[in-house]
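S.K.: I have a structure I would like to understand better, so I am pasting it below and will then ask my questions one at a time.
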Amino acid sequence: MIDFPIKYRLIKKEKYTGARLGEIITPHGTFPTPMFMPVGTQATVKTQSPEELQQMGSGIILANTYHLWLRPGDELIAKAGGLHKFMNWDQAILTDSGGFQVYSLAEKRDISEEGVTFKNHLNGSKMFLSPEKAISVQNNLGSDIMMSFDECPQFYQPYDYVKKSIERTSRWAERGLKAHRRPHDQGLFGIVQGAGFEDLRRQSSHDLVSMDFPGYSIGGLAVGETHEEMNAVLDFTVPLLPENKPRYLMGVGAPDSLIDGVIRGVDMYDCVLPTRIARNGTCMTSNGRLVVKNAAYAEDFSPIDPECDCYTCKNYTRAYVRHLLKADETFGIRLTSYHNLYFLVNLMAKVRQAIVDDNLLEFRQDFIEKYGYNASNRNF
């Protein structure tokens, strides 16, 4: 049996759902699951220091392979001693494969069996990313958890296109495994694709599980499908994945989607949502989203969320944070970003406790009622 550098330990299953409490052991420490991972696109979580992330309970963060490959370059980061030393973060790091950014950011993509040729979005130069190159870059970055190179087809692509795509992604996964130079200290995850097609998700899962990765990611969701469609895909995909390995739902950060993913047995999540909306003054609170820049809060001297015990809510008022944002002061974005990240990391801590108490469905109902989900804030 292979001794993987990434190990999943199941602690408890929730009595009434597929939720599971566990922990993931990595070369840079152990973190509890289910866990939300803050995204540090450019080797930094926007406006936050590593110490602040540790204080809020983030045992793992995500960094983007595509961005770091282009700037400052994976070889420079390797010279610095790897990503952990480069950014002074001593806990776990997960890197994506770069594939999603190639499809979403780069211009003039050309996908072939060999890989993807594209135009660099920074300077317009022609570049090529293959399964082997994606692994090589991540080996240089030195992340604890790496991703296989995959194609992320749009959710509503035609069946025939998605079928060809997942079959190529499986071949790319095999090539990536062969190219992996550091299997002893970096765990490589396979990414299950298949859009909304159950048989294609089954085919993709079967292919990847047969390759015996140390963990599995569910890709191709949170790309425009409805909340109900996402849940349906999870309902038929998660049971196809091994129980003794981590399950990671990529790119998901809306609070109800996190809880619904946990109910279906998912362990890990990431999303830029909390920091992206924070820059526009939108805050997640126990009673739903709050746009603190609105004039209604100009003389509101209460915390952003009276039920939150984060640094922002313990020390500053809505009126002050609004003033900072209106004055274009960076500190305002730091405060809203910290609050939103804390909100999701803390939400996962509450979810873990609900699993311990076997009352996750009750917790979900209470949360959804208070958060006030409706058509206008479904994605927040």
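Backbone N, Cα and C define each Cβ position, glycine as well.
Fair warning: this is a prediction, and the values are worked out from it, not measured in the lab.
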S.K.: So Swiss-Prot lists D96, S97, G98, G99, F100, Q193, G220 for substrate; which of D150, D256, D260 goes with them?
M.R.: D150
S.K.: Kindly point out which candidate in H323, H339 is recorded by Swiss-Prot as part of the Zn(2+) site with C308, C310, C313.
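M.R.: Given C308, C310, C313 bind Zn(2+) in Swiss-Prot, the matching entry from H323, H339 is H339.
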S.K.: According to Swiss-Prot, which listed range is region 'RNA binding': 69-75, 104-110, 139-145, 251-257?
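M.R.: In Swiss-Prot, residues 251-257 carry the label region 'RNA binding'.
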S.K.: Any idea which of 195-199, 275-279, 280-284, 365-369 is down as region 'RNA binding' in Swiss-Prot?
M.R.: 275-279
S.K.: Would you list, in sequence order, the residues of this chain other than C308, C310, C313, H339 that have their CB within 8 A of the centroid of the site's CB atoms, where the site is the one recorded for Zn(2+)?
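M.R.: Sorted by sequence, the hits are P303, I304, D305, D309, Y311, T312, K314, Y338, Y342, F343.
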S.K.: Taking only the residues in the region 'RNA binding' (275-279), give me the average pLDDT of this model.
M.R.: 98
S.K.: With an 8 Å cut-off on Cβ distance to the D96, S97, G98, G99, F100, D150, Q193, G220 Cβ center, who else from the chain surrounds the substrate site?
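M.R.: Other same-chain residues with Cβ inside the cutoff are Y103, M147, S148, F149, E151, C152, I191, G219, M250.
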S.K.: Near the region 'RNA binding' (275-279), which same-chain residues lie under 8 Å Cβ to Cβ, leaving out any that are not at least 6 residues past its ends?
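M.R.: For the region 'RNA binding' (275-279), the list is 38-39, 45-48, 289, 333, 336-337, 339-341, 380.
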S.K.: What does the structure give for the C-alpha distance between D96 (active site, proton acceptor) and C313 (Zn(2+) binding site)? Integer Å is fine.
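M.R.: Distance (Cα to Cα, whole Å): 32 Å.
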S.K.: If you count Cβ atoms within 10 Å of each one, which of the binding-site residues C308, C310, C313 comes out on top?
M.R.: C313
S.K.: Max Cα distance spanning D96, S97, G98, G99, F100, D150, Q193, G220 (substrate binders), Å?
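M.R.: Value for the max Cα separation, rounded to a whole number: 15 Å.
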